[in-house]
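As structure tokens, the structure follows; a few thoughts come after it.
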């Protein structure tokens, strides 16, 4: 189908031969001819409307003068429209021709669709308006019906009340009629009332007739006598009801319904409250805090699709949503808020005063850290350490030229990584001790990393320069590989060559420390509550829990209530490193604190609080969090008991249960970490329990239950515990050097490993003939082609390069004699244990099996 636009459009024209025709103003017309198949055509008139609202006016005005009748009213308007209308069609015709020549079929179709859409929108709007009107009419009708129904019910209620009143009145009249004494006054009274209402002539006469009948009072004594006799008449009952009349049930019911309607219709003013919401809360408690009914909160949950009870616990997010839904303001409060304001209290700059520097001595084991500190302190600590190695963190103070320096000595053994990390965190300056006759070792590198992680400056102390093979320059060069640039190599790190044995250059080392401290401008506020870090903790017999702490801010005094980790207590005494009791501990002072409820973990921060109640609250919160972490860790590691047992059975892993008791928390931590590193895929150490303090009977009971061995590090078992262990057959091992402890546990765990099976190839033999011998079975006549064959060796039968049997050699004969072995090139006879499927051409491979004990 094609559309062609014809050029012979009929336009508005004025011709003498034709009648004057006028098109509608504001409408441009054009003709479009459509060509269909089979030669069919169709002409379509296309109109373009320009002004929508002036169409009717322009169409009606020019028609008026064309009417021949009514000449009188139209002489004035007739000439006016003609001069306006006659020239208008000419330019309009020219415009319509131009527009139709420019409009394409797509544009025409688009305009047609736009008109259709407009009509559809109008139709839809009209439908919506009708629907809204119908809905409003239905709503009005429903309200009218409700009003009519309410009026009808009210009328019925009034009619019912009226009927009840009439029935009651008739009953009273009937009762009075049956009673002779009361009958005449009742009739007279009724007649009087009727007469008064009518206002009749006999009113006076009737009123006069009432006077002689006035004494009606004998009725009451009669009723009382009848009541005393136990007889109850209708009259007496009715008269008694009138004397003590109460509201009827219907009246009470109507009153309650009216009260309920009033309560429902009454708009109560909503009081918005600030609801404090903890991390978990029950629905009942939340409703109480919102001053709402718990039933309403439960209904809200039911609307959300959740069936809840008032005693159910919900989380803080859900509680906040409920509070907001009920129009209240939620204030979230976490359990950790109990720790707010405990640490990091801002001090005013004018309150800060200079404090001594805290120096940590770090380095590899046996590089002379403790010896250097002994030389500085002029003491002998190394002699008191088991094995000559430091296994605790020691904190000391040294006076130099009127200035105080606090030293912290850390272990250098690989097992004490956590101790070194804690020492670096609590320090201001780190002294890296490196032996001049040695090189940079693994723990040296680890100490460098700890110091860099803590962001503290490093001073390199090159020790043992008094030895003949000392090479300090080699140490400086190796430190460059780990980004430690000393001053002599163009860096900014101070380095001092010292000798702890001879005391060489110790004064230079102290001067370097004071210089570095002066650069750092170390200050603290001593006039505030104390806070710091726990360096070490232990359980001492006779003194209880003892914690070595380093005061970092404020002043610690006896009597202060402190919280250290998950433990709290009131400070009973402060003891310095020389065992002397002190009254105060200013900033940068290491002291031993007595009075805690239990030994805290090394590395925990401590702070002084106002009251014991707050200290107890913080301690309980931290203990609860620690328990939750432990449970989550165990659940994540082991899962359920069935899963754990199935994993152990499938993997074949063996466990070595241990109970570890030590003198201080730091040593226990180091031992546990060292033993956990010994574990493999086949065997691992399981720490049933670890703690600081002596070995007690409870430890023996736990070991008996879990079938564990007890390890004591620098502690002993009391007599009761030893007796219980001997009776239960529990082994207790004592150690004072961590090397020996780790080596013994490693050897014991190695014994749990299954031995390694090793095969040694002996030789090959080819079957030449198969003999069937009575009482023996099939015997293979073979020639040894490679190696040798031994009696009792393991054999494999190979056929077509495929192993079809593996077993042991039963007999090995040569010329009817049993031999121990047959070398290559010789012939022999062989028989297998419990196997006789041998053929000529098979190859027998002989091998020896050895079981080798494995070690970790």
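Backbone N, Cα and C atoms are what each Cβ position is placed from, and that goes for glycine too.
Note on residue 410 (GTP binding site): other Cβ atoms within 10 Å of its Cβ, all shown chains, come to 29. The GTP binding site annotation in Swiss-Prot covers 363-370, 409-413, 463-466 and is backed by sequence analysis.
Under the heading domain 'tr-type G', Swiss-Prot lists 354-521.
Sequence annotations record features per position, and here Swiss-Prot assigns region 'G3' to 409-412 based on similarity to another entry. When pLDDT is averaged over the region 'G3' (409-412), the result is 64.
The region 'G4' feature in Swiss-Prot is assigned to 463-466; the stated evidence is similarity to another entry. Counting only same-chain residues 6+ beyond the ends of the region 'G4' (463-466), those with a CB under 8 A from a CB of the stretch are 367-368, 371-372, 433-438, 472, 497-502, 504.
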Fill in: Residues in the region 'G4' (463-466) grouped by DSSP into helix, strand and remaining coil
0 helix, 1 strand, 3 coil
Worksheet item: What count of other C-beta atoms do you get within 10 angstroms of the C-beta of residue 366 (GTP binding site), across all chains shown?
Response: 16
Practice prompt. Would you mind checking how many other C-beta atoms are within 10 angstroms of the C-beta on residue 363 (GTP binding site)?
Written response: 28
Worksheet item: Including all protein chains shown, what's the count of other C-beta atoms within 10 A of the C-beta of residue 465 (GTP binding site)?
Response: 20
Worksheet item: Including all protein chains displayed, how many Cβ atoms other than that of residue 369 (GTP binding site) lie within 10 Å of its Cβ?
Response: 28
